[in-house]
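Per TrEMBL, the features are:
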| type | residues | note |
| --- | --- | --- |
| BINDING | Arg96, Asn150 | substrate binding site |
| SITE | Glu112 | site 'Increases basicity of active site Tyr' |
| BINDING | Cys172, His202 | Mn(2+) binding site |
| DOMAIN | 197-412 | domain 'Glycosyl hydrolase family 4 C-terminal' |
Amino acid sequence: MSEGLKIVTIGGGSSYTPELVEGFIKRYEELPVKELWLVDIEEGKGKLEIVGNLAKRMIEKAGLSIEIHLTLDRKAALKDADFVTTQFRVGLLEARSKDERIPLSHGVLGQETNGPGGLLKGLRTIPVILDIVKDIQEQCPDAWLINFTNPAGMVTEAVLRYTTHKKVVGLCNVPIGIEMGVAKLLGVDPSRIRIDFAGLNHMVYGLDVYLDGTSVKKHVIELLTSPENNSFVKNVEGQGWEPEFIRSLNVLTCPYHLYYYKKDEMLQKELKNFKEGTTRAEVVKKLEEELFELYKDPNLTTKPLQLEERGGAYYSDAAVRLIASIYNDKRDIQPVNTINNGAIASIPNDSAVEVSCIITKEGPKPIINGDLPVAVRGLVQQIKSFERIGAEAAVTGNYDTALLAMTINPLVPSDKVAKVILDEMLEAHKEHLPQFEQTVQA
Ligand code: G6P
């Protein structure tokens, strides 16, 4: 790697970009970024300019010499990059709204990473990420790809299994959010907390939690019985676990487990939002409009606090701390999505898992080596099967495979309902699903 890094962010016009820029500013000493290229597509040009100009003002205010480049030319931007981050949404928020609303109109939970919404987001995203990987292999084959694009588990799985680019890490803010949340519950500095994470993206468990090296799992589990305490992200509202359930489960849950262990309550909530026009996509659309209005202000030189209302809070910390640890061969422990290779015995070796890892310059090395408790193993395997089959459908454009993935998702009640929802969603998203062209026309 050269002195002074080149970072390329695909989906650079995202409202999250100021988070990332703040992260690079905070860690400049250990991570000497020379160039940050923000790349977007034609439809994102307006947003790219607004957020890109804010990024430039933030860097200027910090007095750093990071060059910010804004471009629509992905290939040119990728030339000789050291790290590539991806944070795009194919079909923009409009597509997210369909992912949420179509399943809900059939009484099934709609969410952008869970259930039918997660599958359709995967079908739209995976071909694009595979194209990006092709460009990376041509323009910067030694670069690390750090993917935040959802569904991050299925997307990382697809890169691992359908490309030869092995320098890929999937990243999520949920584990760091849990660590911060637990630190807050205990009233201690987050640096004193360590959690052993294992599972999949948005399906990760804390097998143990330590304060200054001593397990405090029992105490933390008691705290999770209170409604305020078991979410940790802004976009999933917490509800207390039944004390007997969480005690016997005996591991820390992540916010997305609410969709599985409180299916009915979550569905009722989402159905209410559906009727009132307040599903997450609709809330985020409003929030984005407000954010971009703020970003336009030429006097704004820092990340506005309102950005913390988004579910992805702390994601810059997670991303920049990961890049800094790879670059500096820090060998600290961070939870990331990486190739399983036996870390979790009941998951295929070539699949992506989200586990605590030692972060080295050769990439993440899982510290978990064994298996998940039997009570959670089945659900994790089921979701992994969904992700594997979903990724295969995205690559092949095979209708039967897509229906299989939809039907085996635990949030979908039957094959018949799966088919109705799939057909409607394939039609609604057809502009972004070229691999299903034959199927949708037929
Ligand atoms: C979470 C998830 C991210 C997701 C984000 C959505 O924290 O971990 O994967 O992208 O929330 O936030 P939003 O504000 O867009 O609903």
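Backbone N, Cα and C atoms are what each Cβ position is placed from, and that goes for glycine too.
As the structure is a computational prediction, the values presented were derived from the model and not from experiment.
Here the features listed in TrEMBL are placed on the structure.
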residue : record                 : contacts (Cβ under 8 Å, 6+ apart)
Arg96   : substrate binding site : Arg89, Glu112, Gly117, Lys121, Arg280, Ala281, Val284
Asn150  : substrate binding site : Arg89, Glu112, Thr113, Gly118, Lys121, Thr125
Cys172  : Mn(2+) binding site    : Phe148, Ala152, Asn201, His202, Tyr315, Ala318, Asn337, Glu354
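Close to ligand 1, meaning a Cβ under 6 Å from one of its atoms, are these of the recorded positions Arg96, Glu112, Asn150, Cys172: Asn150, Cys172. In the structure as shown, the Cβ atom of Glu112 (site 'Increases basicity of active site Tyr') sits within 10 Å of 25 other Cβ atoms. DSSP assigns Arg96 (substrate binding site) to a helix in the three-state reduction.
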